[in-house]
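So that we are looking at the same thing, I have put the structure below in structure tokens.
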């Protein structure tokens, strides 16, 4: 018994020591971070996000004496390319990144990201259960990135779309959409893949048409391709002649479809943000009479993440910045800001993310490549 | 100019600036292009199997040729009336206005749900030639942007040519005004336009941002596809991107050949048409006036649309006016831009001073050594896809440091501004009677004293315009800033392009208008200088 007690006390003291050590370690990180500048490479295409990051920069300066510079890029792939091209023996010019999906896989494969973020960032312990976010487009995050916010694929449709096909909930089946397109040719379209929203439309569509076939979550095999792809191409062959400009041309971007929806040229646009519609309507950039819907079988839901360059010159300041971005204070401010991005923290979950539709998982990344390339071969 | 240390320094500097682009290409080849080339036939055959490749290249070639030829014809038709300087301000606004801003303005004006159709009471989206994902729309924007550039270059050239003398001599020889115009004046102007036409052609074939907004997507223009390959991490994309760049370069060289051939054929045809039958007269006097009025109206409407867009809320088809206004946001955006405006100005000023000085030195050194530098060398930065050069330069400065220095950022802008400045300055400089400097030197002045007192004053107008133009080019660069500065320097263009990637929002339009204003100021400096000189 005494031995057990001794063992237990040793274990507990070890645990307390490790906590104390970690706390001491973090104090050292905080001290080291003071006065440092962090270059945060993040997509700059949304003013609400840019404004929120201005608030973050002000808070980091006030609370931690860190200067955060938001490097606004049109496509984060520019920064990913830079990381790989840089002199690998020298510190990088990129410190912190906002990434997910393909960019993350590329940088992880190229060993450009700082490892063990899940051990180095104290606020990791506040995050929602890891099984929700530990796979990014089917690839394990493995501590190379931590979630920052939540995205969900949605259809923004004119209310008459749902009314005409007698849908009382927000769930819209591909067949119902096809029925609407037959009654109103030329009023539906989607951004041309491989544009992100256009590709997600294809993914969500095949998920819906196959009633959530689990083979879509694994790397595609020949048998799976032969069984599942005809469902999608058969549907699109029927839908395309009914699309805007008879499906011979497609909008270049999601922003364009939003503009066409707002100005009565289209009856449907795509979005990856549950809050985008209400934001746009509040700002007077989208008329009333438009509502959110999702494809039957669930809306593809994923996370967007933060990562740190392996060669950052300011690891301490980058970690402190990342930790702050995952703090309850910053996550709440993000939720309350004009951006209104959903929190990734456990405590914020209860009742807070009610805007989310029933979820569908991300397809395995190899399906994306297959879908995009076959789409281009068939329809370009 | 005596052979001395300054000559050696000047030669080295100019040589360095000219070699930079070559260095970029060589470094890129050393950095991996050879691997792509080395893989040879297998990869090449898969590249040529890319769906729609032929259409993409064909569209790019067609777009380049159409924008060049339409702009060229418009310049010829309006040329007689370009001598009035008071009319040129609108050309400066159009030159200073980024292509993307013009495109946004036209979309809001002419697209199926555009404002023009609302004025005429449309309640359903109209059927119009101008809509997104249409080659015609892309061509319209390119012509609208390139025509003023060619028009100004032609105007400056026309002012330098002894047109009045030619008319006096021609009339004395019994020729009609139309013959003098087509046989003497137009050929001289067209020769001065050659470089500018080449640039218009190459730019139109390689433009990405406007082609993404307005051009067809299924398939896109070739330059758009190459850019997308560069930004894609899928299998073989990097190889495709490099093969695509090589094909884009070949396309550029083909366009150079076509422009030169076009010039020869045009000159031969005008001469032949006039000598055999007298079919060619002067363009009707009303035509230029009508054309300029239409363009002016279009410009006013575009600016009007953009100004409304900056503060409009609840402005949807078919409403003629916005439901409400949000001016606080506009002021906030402009206020936030203050540091960016300053850094843009600073960068543009440094680059344009260096570019202008380099081009002046280059032309003087050409006279000194009595040798012409290869035109391809000077224009190489404009003939190659920009991303190819920048990747090459990146690999060079990454040898020293990953964290960019101001000097690197300036250096990565310089070749582009030098090439454009050369196009504007060199043809006019070539017309200068250099013997006046020899006379001045024999009166005891040094070469550069004579240059400053005589040549600089005589060429003040074109030097001023070159300076302004170099600044506009520097202001408009996105990739050179983003790929070198990595956030250490942010400019109006990086703000504009990154924000525009999220769509046409009021803030995007506000930044676009501020950028236009700053560019217009840079181009107008020349007018002030020109006025004081005269």
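Yeah, the Cβs are placed from backbone N, Cα and C, and that goes for glycine too.
All annotation found in TrEMBL is predicted automatically rather than curated by experts.
When I checked TrEMBL for this same protein, it listed these features:
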type	residues	note
DOMAIN	B:53-259	domain 'ABC transmembrane type-1'
TRANSMEM	B:7-30	transmembrane segment
TRANSMEM	B:50-77	transmembrane segment
TRANSMEM	B:89-111	transmembrane segment
TRANSMEM	B:246-269	transmembrane segment
TRANSMEM	B:290-317	transmembrane segment
TRANSMEM	B:337-363	transmembrane segment
TRANSMEM	B:375-400	transmembrane segment
TRANSMEM	B:406-426	transmembrane segment
TRANSMEM	B:459-479	transmembrane segment
TRANSMEM	B:508-528	transmembrane segment
Examine the transmembrane segment (B:337-363) against the transmembrane segment (B:7-30) and state whether at least 3 Cβ pairs sit under 8 A, considering only residue pairs 6 or more apart.
yes
Out of B:246-269, B:375-400, B:459-479, which stretch has the largest tally of CB pairs under 8 angstroms to the transmembrane segment (B:406-426)?
B:459-479
Suppose I define contact as three or more CB-CB distances under 8 A, residues 6 or more apart in sequence; do the transmembrane segment (B:7-30) and the transmembrane segment (B:375-400) meet it?
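The answer is yes, given that the two segments have at least 3 Cβ pairs within the 8 Å cut-off.
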Given the transmembrane segment (B:459-479), which of the listed stretches B:246-269, B:290-317, B:375-400 has the most Cβ pairs that are under 8 Å apart from it?
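Counting Cβ pairs under 8 Å, the winner is B:375-400.
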So if I exclude everything within five residues of the ends of the transmembrane segment (B:246-269), which remaining residues of that chain have a CB under 8 angstroms from its CBs? That is, six or more out.
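Distant Cβ neighbours of the transmembrane segment (B:246-269) are 57, 60-61, 64-65, 68-69, 187, 190-191, 194, 197-198, 201-202, 205-206, 222-223, 226, 376, 383-385, 388.
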